[in-house]
Amino acid sequence: MWSLPAALSLLMLLLLLLQAPPCRLQSLGTTKLRLVGPGSRPEEGRLEVLYQGQWGTVCDDDFALQEATVACRQLGFETALTWAHSAKYGQGEGPIWLDNVRCMGTESSLDQCMSNGWGVSDCSHSEDIGVVCHPQRQRGYLSERVSNALGPQGRRLEEVRLKPILASTKRHSLVTEGAVEVRYEGHWRQVCDQGWTRNNSKVVCGMLGFPSEAPVNSHYYRKIWNLKMKDPKSRLKSLTQKNSFWIHQVNCLGTEPHMANCQVQVAPARGKLRPACPGGMHAVVSCVAGPRFRPAKAKPGRKESWAEQEPKVRLRSGAQVGEGRVEVLRNHQWGTVCDHGWNLISASIVCRQLGFGSAREALFGAQLGQGLGPIHLSEVRCRGYERTLSDCPSLEGSQNGCQHENDAAVRCNVPNMGFQNQVRLAGGRSPEEGVVEVQVEVNGVQRWGAVCSDHWGLSEAMVACRQLGLGFASHAIKDTWYWQGTPGAGEVVMSGVRCSGTELALQQCSRHGPVHCSHGAGRFSAGVSCTDSAPDLVMNAQLVQETAYLEDRPLSQLYCAHEENCLSQSADLMDWPYGHRRLLRFSSQIYNLGRADFRPKTGRHSWIWHQCHRHYHSIEVFTHYDLLTLNGSKVAEGHKASFCLEDTNCPTGLQKRYACANFGEQGVTVGCWDTYRHDIDCQWVDITDVGPGNYIFQVVVNPKYEVAESDFSNNMMRCRCKYDGHRVWLHNCHTGDSYRANAELSLEQEQRLRNNLI
């Protein structure tokens, strides 16, 4: 018999054991979390944890704001706003991995908090916890990518393709119609058509780079299928009897960026020994290619919104086709989109609107460069059914404190045109450089050969690097004697190449019919050096407008400027040093908004010393300054040499890297700017010979494309200029791509700068 004190001691011991404090989880490195639930908001939903290859939920016992904050930070958000108990975002499935989670609030991941241990819980799914995070992303949280994980075990639905069936579709290099095939765990399978919908087709087309789907003649394809099934020579009948040949069933909403996000059943339910596709056939899909990817003479089968008018959205500064910073057109002016709430569903609307497929990555934090100008949109909330981004609910970008460091970007799925197989580089020190060799048809035969370097420049090199999938061109090389090309491919097969820079392949650029190369092949074949990042210079138009004024400057103070050709030709005929020149002066501030530093084309050993001003020119013509009539005729001109290319200022937290003092390195760091004050020599246009009237004042940065940039469309700045012979007004100053092409006249009544007296 136990004595009463002994029995009480034993009972207390048992109670202590049962109420043992929560244990700390075994660290798993970075445990994966996700938010699941109705709606498309990426920052809220039911909290789920991946453990041992299976997703499970978290019980709401003891869960509060500290635990939600740790979870939100781990998911890439700044902090948590609140939490939601009792399965507010719906009941989950599978195990309840965590219960009684207790965090200090300083942990970097949920598995560093205390809990009962993995899978130890007395909860049901009616107690699944949900969290609401602040939409602001953390610095360093770069993007939301498409996941091809399928099901709780994380198996991969790796790839989708269309297998052409009709002879007419087999002849085309771009396959837009055929049977759906899915690569699952390393093997290609066909998808059963039972229960197949247009929403499924839309998702497949989006993955393949097409913006929309079209109906197919299923009766005709069924006839072909039946004929093959009856053909004794065909293996199709025996193959279709194996479940490993099929994906049993797919059910998509049409908003998913990848088929793995749909409800996919690879095989019939367990325990049912039945065929995967009884009486069915393979699903057939027909996709509609975007305008850029159609054959030149082809017409779309039906009108699309992106074909009817110029899209009010565009991508800028992307290294590849179908990627870039998202910009939208509002009130005739282009502006950026804030990354608050930015996700794959909204990014896919942008991609489809531009004639691409669905988005494969939604990027945050100005990963593809910062814009300049207004931030039009924030908290974009697309559901996935919208045709354009303007159809989605959103806030004004200025309402929640967005900066350009929050500019959103996207990478879209793009059709495989096969262009990458028609160009290659040879002889370079790395895979990113070398002699350009292209495949073209010569006398009915496909041949590899070189490209003549006559007229070869950065625009052509940009197209070559993009076609190769290597991003931007850093150099267009005309003299390649030190690179050995591929044996047998030394003959020039392409000459007179002229590209606008927007083409998908060199074969789409204009070129000579019969090949004519003044230098011949060999050492003068065209070459390139490619890079995945590039600078992007943009002029601060507002500063030009605010600082412009007139000065009558005596000739006695213009000897050095005259020596550097900064005055009009009529200055040569004047009686020096008597008289003066009338100068339109202004300050210029040039930002580098790209993803690489802007550096002079040549090193210090090649810089030119100018004795009069006693400084080096690293780029002989860095900017062009012109005064034009309203129809574009030039009436006055000036230029500015890059005598001091340096970081005049940088934003807080960014260190200056370039300074001209003591023959230092020259350049403009990413995010910094170089300022040329109005009171230095040559920072003007000589308008002595110009009569009163209305003009266009134009500044072009890097006018000869001496240094590669990710975007040349914003290198020009224009202002409307009114000169009455005594005073000058500059107004409506803007970079070349900041307004729609026909918007200048509609903005004529913009607020003018106050008079600038001489």
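Here the Cβ of each residue, glycine as well, is placed from N, Cα and C on the backbone.
Worth saying up front: this structure is predicted, and the values here are computed from it rather than measured.
Between CYS402 and the candidates CYS338, CYS351, CYS465, TrEMBL records the disulphide bond with CYS338. Candidates considered were CYS287, CYS392, CYS412. The record in TrEMBL pairs CYS351 in a disulfide bond with CYS412. For CYS123, the disulfide partner named by TrEMBL from the candidate list CYS59, CYS72, CYS103 is CYS59.
Comparing CYS262 (disulfide bond) with CYS382 (disulfide bond), their Cα atoms are 18 Å apart once rounded. Within the domain 'SRCR' (160-288), the DSSP-based counts of helix, strand and coil residues read 38 helix, 35 strand, 56 coil. With respect to CYS123 (disulfide bond), the closest of these disulfide-bonded residues in Cα terms is CYS103, chosen from CYS103, CYS338, CYS382, CYS392, CYS499.
In this structure, the CA atom of CYS72 (disulfide bond) is 14 Å away from the CA atom of CYS113 (disulfide bond). The sparsest Cβ neighbourhood within 10 Å, among the listed disulfide-bonded residues (CYS72, CYS252), is found at CYS252. All chains included, 18 other C-beta atoms sit within 10 angstroms of the C-beta of CYS123 (disulfide bond).
CYS392 (disulfide bond) is 21 Å away from CYS252 (disulfide bond) when you measure Cα to Cα. When the disulfide-bonded residues CYS113, CYS412, CYS499, CYS509 are ranked by how far their Cα is from the Cα of CYS382 (disulfide bond), CYS412 comes first. Just so you know, of the disulfide-bonded residues CYS59, CYS382, CYS392, CYS412, the Cβ with the fewest other Cβ atoms around it within 10 Å is the one at CYS392.
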